[in-house]
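Pulled from TrEMBL:
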DOMAIN    28-158  domain 'Thiamine pyrophosphate enzyme N-terminal TPP-binding'
DOMAIN    229-330  domain 'Thiamine pyrophosphate enzyme central'
DOMAIN    432-571  domain 'Thiamine pyrophosphate enzyme TPP-binding'
REGION    1-22  region 'Disordered'
């Protein structure tokens, strides 16, 4: 066990109070909590503080005296932004972070971000204080009227259905064990957020025994069962029209081993509603994001860790088509209703499952190399036709207002090859080029809007020299708590480029209504109820108030120049920038 001993003095009751006032050496529950977070690899505590935080604040203030090692505290002026930053930090690094908010009210503001993290299998140690349990007589007892108004019988119930595990700290002595267990559970397959409730008394309590911090261990899945691999290989070896659907790759943080696998066996691959890019857009088997035509003719579908591989009410594989699912939880058991029929389940590490399938296929007796070559030629021809259609859409959308395809194309031309793009119902990825892994992230399928800009800030914090772009609709920009986001960018010199796709409406709501009632009154209305965002906020003004370079772009021909100017500010001056781009969907 990798351990670091933290010494402290004993004490209780009045002695503890005297120690606290005199500044004598002691180890509080808060110090044990923070020490174990750091020992677990947590670099930042994204915090929105309240009256439950005094023991945490005191611990940070004493750190130069105690010589204890803690995560860096980062004050974030909205809880949803704190959650989004922790989410984005993890996406580009694979390292979990911690968020601490103010009792139940802060937890309420953070809940949407917790839902997004759970949907996206992103581990976060989510903590909030708990209003003091005692009214008097203990360090941490109630001192303000809100300590009565904020008390709940079961505060964790607010998020219990969402998180993998929750617990309320009872004693300061428990902090090491509780944090260690929280980290292990959050990072075990499939990963996700956990929640800790931290009463003020437990955080203030002086521990009565020596404490050793330790490095938690996650439970990781290996290869799926051999029999299941053989069944899947049999289906793929005999498939004439196979299709791979991927939404977040293999979880390896790289395009491999999926890239070589689908190329070797000419397996066309679609990124339907992908939250992370799984293949290079120049990969010969990359089909884009619409599986409709391919799915209708498929005889075997390989679903790579995808919660929603297709929309059954819109399109489904033909009768007789076989389906294989790969994932650490291929049935997505936390989703109450998900009725996709599968013939083979490969439960395990997605990367290891692909490697095992590759090995099994390489020597399979039914593998037809001539058929693979023929399929490869067919995929190339269809792929070329798709790309020509995309080019036509790009060229047609360069007027005023612009099309998302044109804006996306211009962004793709202007950005650095290694730039990281966070898109929230804004970009059209098919019109863009992404040659590196971990360079495109889209809103989690839980759909908690206001995610992309905070996530981009977290990614920028994780890699200060990287180029990070947040693409959001005007509605998503409002949801993102832009004042809090731009404040963070200014306070911590995070030079994110924000591009607001402004069409003046809630387009997702409009699209859903038209899809359900294509000939209805709402579809025919000049102004659909509950969708207009007029009058449009001054996005540029909001950004400029925090020192950002900002520019509004109305003509398509003006966009390349505007992008060049904005990126110059980001790259050279290391300033945040915002472009408000007028679009029509």
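FYI, residue positions are counted from 1 along the chain as it appears here.
Cβ coordinates come from backbone N, Cα and C, glycine included.
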Taking helix as H, G and I and strand as E and B in DSSP, count the residues of the domain 'Thiamine pyrophosphate enzyme TPP-binding' (432-571) in helix, strand and coil.
63 helix, 22 strand, 55 coil
What are the helix, strand and coil residue counts for the domain 'Thiamine pyrophosphate enzyme N-terminal TPP-binding' (28-158) according to DSSP?
64 helix, 21 strand, 46 coil
Along the domain 'Thiamine pyrophosphate enzyme N-terminal TPP-binding' (28-158), what average pLDDT does this model show?
95
When DSSP states are grouped into helix, strand and coil, how many residues of the domain 'Thiamine pyrophosphate enzyme central' (229-330) land in each?
21 helix, 20 strand, 61 coil
